[in-house]
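Step one of this worksheet: look at the structure below.
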Amino acid sequence: MDAFATSPTTALFETVNCNAHVAPMAGEDSSENRPASNYKPSTWDYEFLQSLATTNNTVGEKHTRMADKLKEEVKSMMKGTMEPVAKLELINIVQRLGLKYRFESEIKEELFSLYKDGTDAWWVGNLHATALRFRLLRENGIFVPQDVFETFKDKSGEFKSQLCKDVRGLLSLYEASYLGWEGEELLDEAKKFSTTNLNNVKESISSNTLGRLVKHALNLPLHWSAARYEARWFIDEYEREENVIPNLLKYAKLDFNVVQSIHQKELGNLARWWVETGLDKLGFVRNTLMQNFMWGCAMAFEPQYGKVRDAAVKLGSLITMVDDVYDVYGTLEELEIFTDIVDRWDINGIDKLPRNISMIVLTMFNTANQISYDLLRDRGFNSIPHIAEAWATLCKTYLKEAKWYHSGYKPTLEEYLENGLVSISFVLSLVTAYLQTERLENLTYESAAYVNSVPPLVRYSGLLNRLYNDLGTSSAEIARGDTLKSIQCYMTQTGATEEVAREHIKGLVHEAWKGMNRCLFEQTPLAEPFVGFNVNTVRGSQFFYQHGDGYAVTESWTKDLSLSVLIHPIPLNEED
């Protein structure tokens, strides 16, 4: 039966029994003759994770009331009279503490006021003020031309040598340079100049606070950082500063814990969902629920996006399993059948698949149908055609990669990336997030189809996620050639060494970020919060793959951050 032809109240959203249509023995293909996945089991205790849904946390009514009071204090502070540079620095601190979402309108209002102010003496000639102003305005959708930095160049067109001693100015210039577009050569020069000089002085900076900020920035620029992860680090860092604003710090801690308590309940419910699917018993695929929840928090940590996180985590966990079926477990014939079932969005033919794979297919259908049912109930919009199309497109890209591997075909880098920017899978999660958050008056079949068509913003998001994923591939994996990656494609195509290939891919990352930065200012039918989701998924990838594959294998850095962001609340002083 074709799912599109059924009634929304019957088979369209019908939950399929995971025991239905599964051949008892004929489809029970033994795993004995299949390649071993060698995936490590999850290091997370799922009984503990499930308990988070009901466990009382440290956030009580007293703390909630206190947070509300402090929020008003901070709001008054932001609207107060102060020097322009001090106002910019306050906004910067508020954003880095993870509080931007609480003061969105106030931040835009204050920045626009500073932008419209005809007096420019306060920032012209001051590298720190010029760069901080440039970055904050561009971050918040107000365009500033790159030529504001021309004044810091000498007659030969180079950045003035005396700027090498201005560490704070260099740090602000470094952060600003990551907001550049294609063709903005001055910002490219600024990035190179600031990076070189900060690396030269990072071990000899007299101020411990400034030294830590410089090293942190060189490890990962702000524009590439996930807001929630950055906030957890910066709250501790801000507490060390001499000029800390006590009530702002207190509010940041309270708000972090309030949001964390919401995330914990969501995580507990998702852990229960995962166990109830029975997929945790399948030994040939990865269990990545926790990693996907961390990614969900990178994509949209704000409390109002609970449904976005819920869908993203469920889809992400299933996507990983489907990816493992195509990469490791399934035969080419099974993958053809799998792809056909998803393309038709019809479970007829599932009896031709082994039971393990059939369970994954049925869970895919059940989860997509449940998400679609919720959207129809809550928003009056039939999303099944769009979610089904996104799943089908994804599976077709997986199948193409599987055929490349089985036939020994070596695609060019361009050919690989054209397929890979979709096979990285974020289009599916982004389409679903769009359906959940787009304003109802703008949500139409055509608008959803536009997102599914992979427009430029979504394309850059997919490309960057793909490139980061590939850079996380180990040298051993590349040498084995188990899975096709962009690094291998470039090596095969050009004869380059792995080191040279990695540098080339890193260069593509910088160029793709410039394209995405430009997209944020172009006229488009896409709007917030969807635009932000596209950028934030990339920031999640940057974290997981920065030091290797922290997604497939729970490394110490990913587990430590997961504990501090999701499990352990920030300690409050006794008087708090």
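Keep in mind that glycine also has a Cβ here, set from the backbone N, Cα and C atoms.
Annotation source Swiss-Prot lists (2E,6E)-farnesyl diphosphate binding site at R286, D323, D327, R466, N469, citing similarity to another entry. For D323, D327, the entry in Swiss-Prot reads Mg(2+) 1 binding site. For D323, D327, the entry in Swiss-Prot reads Mg(2+) 2 binding site. Positions annotated as motif 'DDXXD motif' by Swiss-Prot: 323-327. According to Swiss-Prot, the Mg(2+) 3 binding site annotation covers N469, T473, E477.
This view paints the features noted in Swiss-Prot onto the structure.
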residue : record                                    : DSSP (3 states)
R286    : (2E,6E)-farnesyl diphosphate binding site : coil
D323    : (2E,6E)-farnesyl diphosphate binding site : helix
R466    : (2E,6E)-farnesyl diphosphate binding site : helix
T473    : Mg(2+) 3 binding site                     : coil
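Long-range Cβ contacts of R466 ((2E,6E)-farnesyl diphosphate binding site) within its own chain (separation 6+, distance under 8 Å): L417, G420, L421, S423, I424, S486.
Residues 37, 39, 284-286, 334-335, 338, 357, 360, 395, 398-399, 401-402, 425, 482-483 of the same chain lie 6 or more positions beyond the ends of the motif 'DDXXD motif' (323-327) yet place their CB under 8 Å from a CB of it. Separation of the C-alpha atoms of D323 ((2E,6E)-farnesyl diphosphate binding site) and T473 (Mg(2+) 3 binding site): 16 Å, rounded to the nearest whole number.
If you compare every pair of Cα atoms in R286, D323, D327, R466, N469, the residues listed for (2E,6E)-farnesyl diphosphate, the longest distance is 19 angstrom. Here the CA atom of R286 ((2E,6E)-farnesyl diphosphate binding site) lies 16 Å from the CA atom of T473 (Mg(2+) 3 binding site). The Cβ of R286 ((2E,6E)-farnesyl diphosphate binding site) has 21 neighbouring Cβ atoms from other residues within 10 Å, across all protein chains displayed. Taken together, the residues of the motif 'DDXXD motif' (323-327) have an average pLDDT of 92. In this view, D323 ((2E,6E)-farnesyl diphosphate binding site) is surrounded by 21 other Cβ atoms within 10 Å of its Cβ, with every protein chain counted.
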